[in-house]
Amino acid sequence: MLNKEGISLDKRKVDSVSYIAVDIGASSGRLILGEINNGKLEMQEISRFANGFTNQNGTSFWDVDHLLNQILLGLQKAKSMGYEHCTVGIDTWAVDYVLVGSNGKRLREAVSYRDARTKQTIQKMEKFIPKKTIYEKTGIQFQPFNTIYQLYEEDKKLLDETDKILLIPDYLGYCLTGVAVTEETNGSTTQLLNIHKHDFDEELLGLIGVKKSQFAKLTEPGTILGLLKKDWFPEFDLPDAEIVTVATHDTASAVVGTPGEGENWAYLSSGTWSLLGIETDIPVVSRQALEENYTNEWGAFKTIRFLKNIMGMWLIQEVRRILPKNYTFPEFVEEAKKVSGFKQVVNFNDERFLNPENMVEEIQQYCRETNQVVPESAGELANCIYNNLAILYSIALDELEQITGNKIDRLHIVGGGSNNEWLNQLTADLSGRNVYAGPGEATAVGNLLMQMIATGRLKDLKEARALVRESIDLKMYRPKVIDRKTIVLKYKKAVNSMMAAK
Ligand SMILES: Nc1ncnc2c1ncn2[C@@H]1O[C@H](COP(=O)(O)OP(=O)(O)O)[C@@H](O)[C@H]1O
Ligand SMILES: C[C@H](O)[C@H](O)[C@@H](O)C(=O)COP(=O)(O)O
Ligand SMILES: [Mg+2]
């Protein structure tokens, strides 16, 4: 069986092959083995590791060598577990990139999207191209950390020396195979792809001084990238592996792994970020979509992920980092439950929460500025975060219905945040919709499913999602009857008056 790159996958091998998903989110990474046995998807965690960025001389960098090393350690462990032959897919967070020189080597560490260098860049670029024009071309939300803005601020000397700009998962795949591509689901998050031409937008590239040749060719998810170059890593005992280009934007893989069925469902990929949206066939770039900052990220199988970025579990991750006592996430939930009721209205989508020095102080200062009760304890801070997130989810669901005209009667919450049963119920109550929770590792599931479809083990996305529904117990949360409209209206009025007072 030949694929587009001419790599032959012997049918016999495909049947005996195991599948390994490498999913690296902003806070953690994991390698998960997947196989189909007796009509069920069976998964086994091979390894899990921390991810995060550090500040070096005023710039926030990721440690990509650490990530590559963890991938190799995980693959070595898989072989030691008896998995001699596998396919491997890599997905990570979006927008960030590595600059590769003509010698094929990295020119500098990868800068984190939370770095302050792009704080004013949206405004700088507005001077010579209206946001509306960029949105009509790309359909992508305005986030200060989008690749277009990062490259605008990039070191020009480094850019001149750059042969290829590779997004993080594409760079990791390049390190393992020597093959460089721009996988398109993650490529869309650069805000440099023209959604109508299905290609890079030359005008936008020109505005930031980047040549199209400095990006590798656009590639659809579900293609075979190349063979793992085992001899490049003699210090590791690695399995034989074909690296598959999956939906390398982790959220795109999470959507593939969301077990939605039929119409009228939305997903919430709940991890470091909360990505809430629907899967559509055509982009929505209306005035309201622009005003409410919805994005049209490219999905697998030529779909569009029409979604909104909501500040997610980053908030509680940062509170956890700051508080002297080391709470587990379940402990935060238990403490939050002890606080009766909803105490503070906080617009956590305000950019001040993108990367403050001290998240606890930032939340407390916001509440002081708006003359609200200041949360002090772990429970009060967690209660504030979870309640406001639930309302932001509810508002986004109503906005999605208004903007797209699509009815949404159920929400699938997937990712680590789907383990938060209290927030799942809060979301059901405040949104007035049934909530289905799981899989907690939907991104890895979607990564595995794409590999199985690419190698012919599964027929298509419909069969793949049916397999997920057969394989995991989805927990359902029915909305309790509460006066949700009054609560949401009060929240919106409070946020609007706070923004007016700024
Ligand atoms: N048992 C749990 N209870 C509450 N929250 C949880 C639980 N497990 C995970 N989480 C939440 O999920 C988040 C991690 O989600 P994950 O999808 O792994 O993130 P990412 O992919 O961005 O690294 C944690 O920050 C935490 O807030
Ligand atoms: C910067 C992007 O908005 C971010 O990467 C988001 O798209 C995403 O993929 C986050 O995934 P996590 O698993 O880190 O929440
Ligand atoms: Mg994730």
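Sequential numbering from 1, following the chain as shown.
Using N, Cα and C of the backbone, Cβ positions are placed for all residues, glycine too.
Unlike curated entries, TrEMBL annotations are predicted automatically.
Annotation comment: TrEMBL describes Asp250 as active site, proton acceptor. When secondary structure is read from DSSP and collapsed to three states, Asp250 (active site, proton acceptor) falls in the helix class.
Counting only residues at least six positions away in the same chain, the Cβ atoms of Asn51, Gly52, Trp93, Gly271, Thr272, Trp273, Trp314 sit under 8 Å from the Cβ of Ala26 (ATP binding site). What TrEMBL lists as ATP binding site is Ala26, Ser27, Ser28, Gly29, Arg30, Thr272, Gln317, Gly416.
Marked as substrate binding site by TrEMBL: Ala94, His249, Asp250, Thr251, Asn309. Taking a C-beta cut-off of under 8 Å and a sequence gap of six or more, Thr251 (substrate binding site) has these contacts in its own chain: Ala94, Ser269, Trp273, Leu275, Glu297, Arg305, Leu307, Thr443.
The disulfide bond feature in TrEMBL is assigned to Cys367-Cys384. Taking the Cβ of Cys367 (disulfide bond) as centre and 10 Å as the limit, one finds 18 other Cβ atoms among all the protein chains shown.
What TrEMBL records for 19-257 is domain 'Carbohydrate kinase FGGY N-terminal'.
Annotation comment: TrEMBL describes 266-454 as domain 'Carbohydrate kinase FGGY C-terminal'.
The two recorded residues Gly29 (ATP binding site) and Cys367 (disulfide bond) have their Cα atoms spaced 34 Å from each other. According to DSSP, Ala26 (ATP binding site) is assigned to coil rather than to any helix or strand. Confidence in the domain 'Carbohydrate kinase FGGY N-terminal' (19-257), given as mean pLDDT, stands at 97. Reported as a whole number, the C-alpha separation between Asn309 (substrate binding site) and Gly416 (ATP binding site) equals 16 Å. If you measure from the Cα atom of Ser27 (ATP binding site) to that of Asp250 (active site, proton acceptor), you get 12 Å. Site extent for ATP: the farthest pair of Cα atoms among Ala26, Ser27, Ser28, Gly29, Arg30, Thr272, Gln317, Gly416 sits 18 Å apart.
The Cα of Gly416 (ATP binding site) lies closest to that of Asp250, out of the recorded positions His249, Asp250, Cys367, Cys384.
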